[in-house]
């Protein structure tokens, strides 16, 4: 009592002459006849007793009850089989009738074989079957292809659907989806707090410069120097303000935004999965669902808040550094646009490959989870069956190797980025130093020193920014995968707008009128009218 493709799989890999049980004695109780010619001995039961015993050819030569069964089955089912002749053969004949030509030698042989096969099949059926079958293709040729414009939701009807994987960079809609889960107000608050914190950090360095320049100016003008406490108090206030802003911004980004976004995304996924139709679970391995509830939600919980915090942090540092360098040497502003374009090109080129590799890495975990779950379920059978233990260990090793290989390639991609970013960072330092030397007579030495100190650190900051931006894109793949399941259509709502009478049901019976149903979209109807 299994589907046809499951029956074929069990016969080939378990019960049949090439299956796992080929060296064992198998007793097959069946009402089907399609495997009987491959068995060693057939026992025919009729009216509660054994009617015939022998192999397939012996029983056919005897012309007994078994022979009559095979003959009756062939006569009644041949017309059905003719209607379902191999799709490639029938489609090729349709193409010829519709004017599509195939002038190759192989094409001629295929036509001859197709016609021959159909003629042989038709010769086994009655005259009525011949007439209806011969007219089938001709009638189809006369019908207009109006169904070409229709789209089948699931024309494959596969038992297990392939896991969907996006291509290219993660779209802005996924970023907005995460920001919406964290709330736009909290996201904007984080950006403002990071900007204020970086302004206080730069302000401390400018205050130190003011301390030096003001002391030198008073000494040069013969004025009484200010007490050190005056400068220290101002510096301390800036440091305390920076520390407070840093604590608040970290708390807001990681605790408020991170936990809120993760909880909302998880709740949406859980609510949607619990309301998905049974057809979804029929074609989706449990490992894919577990992967989203374990690996993906873990990345959103623990990695994404840190990556967003680092992204805002390094972005504010770089903007502040460029401001300091441009303020000290304004000519440096002309070098910023080409540098920004080069950095953007490198980052865009890297993120495309990095996001795809991250998706491959995430998708490769599902088969491992599914295989491990299946192994645990059937561990008792695996232990007692010869050869199965080594087979399952080998399959598990192959899945682990696939995950490790994809993760290794992902790391190599990061090394490619590091080399190019460090080279561009060195170019920025060279430009800032060269401009400071050429315009040494027109620049404030304290400002030049401050600009060069920032320029020396900008290489690390830019490197971290691009890597963090790519990491944000990669972790957003988990949000993308969660969003995929959160957007799937659910079953009918728990409550509808239909109001039932208070005494419903008034009778203990259910009536079906013109009712048709199928297991899921894309499959044939199993109940027709």
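The backbone N, Cα and C atoms fix where each Cβ goes, glycine too.
Bear in mind that TrEMBL entries carry predicted annotations, made automatically and left uncurated.
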Feature transmembrane segment in TrEMBL, mapped to one of the ranges 122-143, 144-165, 232-253: 232-253
Stated TrEMBL location of transmembrane segment, expressed as one of 281-313, 314-346, 347-379: 314-346
Long-range neighbours of the transmembrane segment (232-253), counting only residues six or more past its ends (CB under 8 A): 186, 189-190, 193-194, 196-197, 200-201, 203-204, 207-208, 211, 305, 308-309, 312
